Amino acid sequence: MASNPLIHLTGPLLMGSLLSFFLNGTFVLQIYHYYMNYSSTDRRAFIFLVGFVVLIEILHTVMSTHNTYQILAEGFGNPEVFQQTPFSGGTLPALNGLGGLCTQLFFAWRISVLSKSILGKLTSALVVMGAFAQCAAAIGVTIQYSLLAQDLSLINTLQRTVIAWLGGSFACDMLISLAMVVILLRTREATAFGGSRNMLNALIVHTIENGAITTACAAAMLITYLGIKQANLYYACFEYILGRLYASVLLATLNGRKRMRRAATSEIELSLERSNHTAGKLSTSALQLRSNSGRNDYNAGHQDSKLYPVAMSVSSTTVQMQHAEESKAPHMVSY
């Protein structure tokens, strides 16, 4: 049985649509969680950012669904449909670029806040420039493709703009991941608490995973676009989910803040309880020393003159330990 010559065009569209709807379901759950826990207390800038990302994702769902329906349903079995694809398919690069811009700007702000060094500020500025560059290139792909009358056979003429878009996204995501990992590693080295170190280790793994997801998708889309010369839409499978991955990474990061704060707070409370317990034992020992000294009538004056300084020293040590433990408590930084 001869294979369908259109399978390289229709198959990736179907798979991309299925993956897109799956990620859309997880994104809806993340949005619900965010507005239930943060909508009344979060920064206005974050609420506006999330609302804008939701709008982008709604448009992405509408456009990708329309594109898939027009090709797979109305254009079923008709190869001429690829000579002028629906306009909705051409809007996806711009929507993906805008979604990536929102997520990358958020992490650029985070790098700037967490890193007080000049190198950190410079890294944040580079991320901002890279984010706007990849977004501009993505919008350029949409404009150029519309000028080609959505003719899929001419898609290879957009190579320079596509490379600028996906290459910029890849580089920007790699820079974000590297900067965040370095910041978290330095914070872990300055932390004395074992529980806080475990929390920071989890944050490092989370950062690497998020960066790997978006960079791998952008790289896979670029490779399938440049590496396969025959007519295909394999890159469209990744195009359908790239924006969704950026949105999911952003919401997962925002929703994880409260969990991390609870973990940090419980670690501080446990440390202070241990400090108070130790202080109580030392104070009891000091009182026992004073009581024993009072029972000795013969050397009362002489013993008191020696034991009171000892008690004062023990009490002073207790206070110093309490202050030392409190000073070691990690600041409530919202990673």
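The backbone N, Cα and C atoms fix where each Cβ goes, glycine too.
All annotation found in TrEMBL is predicted automatically rather than curated by experts.
Within the chain, the transmembrane segment (12-33) has long-range Cβ neighbours (under 8 A, six or more residues past its boundaries) at 50, 54, 57, 60-61, 64-65, 67-68, 71-72, 232-241, 244-245, 247-248, 251-252, 255. If you look up TrEMBL, you'll see 12-33 (among others) marked as transmembrane segment.
Marked as transmembrane segment by TrEMBL: 45-63 (among others).
Look at TrEMBL and you will find 94-113 (among others) tagged as transmembrane segment.
Here TrEMBL flags 125-143 (among others) as transmembrane segment.
Look at TrEMBL and you will find 163-187 (among others) tagged as transmembrane segment. Long-range contacts of the transmembrane segment (163-187) within its own chain (CB-CB distance under 8 A, at least 6 residues past either end) are made by residues 93, 97, 100, 104, 107-108, 110-111, 114-115, 120, 123-124, 126-127, 130-131, 133-134, 137-138, 140-141, 200, 203-204, 207-208, 210-212, 214-215, 218-219, 221-222, 225-226, 242, 333, 335.
Residue counts for the domain 'DUF6534' (169-259) by DSSP state, with H, G and I taken as helix and E and B as strand, are 80 helix, 0 strand, 11 coil. The domain 'DUF6534' feature in TrEMBL is assigned to 169-259.
The transmembrane segment feature in TrEMBL is assigned to 199-227 (among others).
According to TrEMBL, the feature transmembrane segment maps to 233-254 (among others).
Of the ranges 45-63, 94-113, 125-143, 199-227, the one with the most Cβ pairs under 8 Å to the transmembrane segment (233-254) is 199-227.
Among 45-63, 94-113, 199-227, 94-113 has the largest number of CB pairs under 8 A with the transmembrane segment (125-143).
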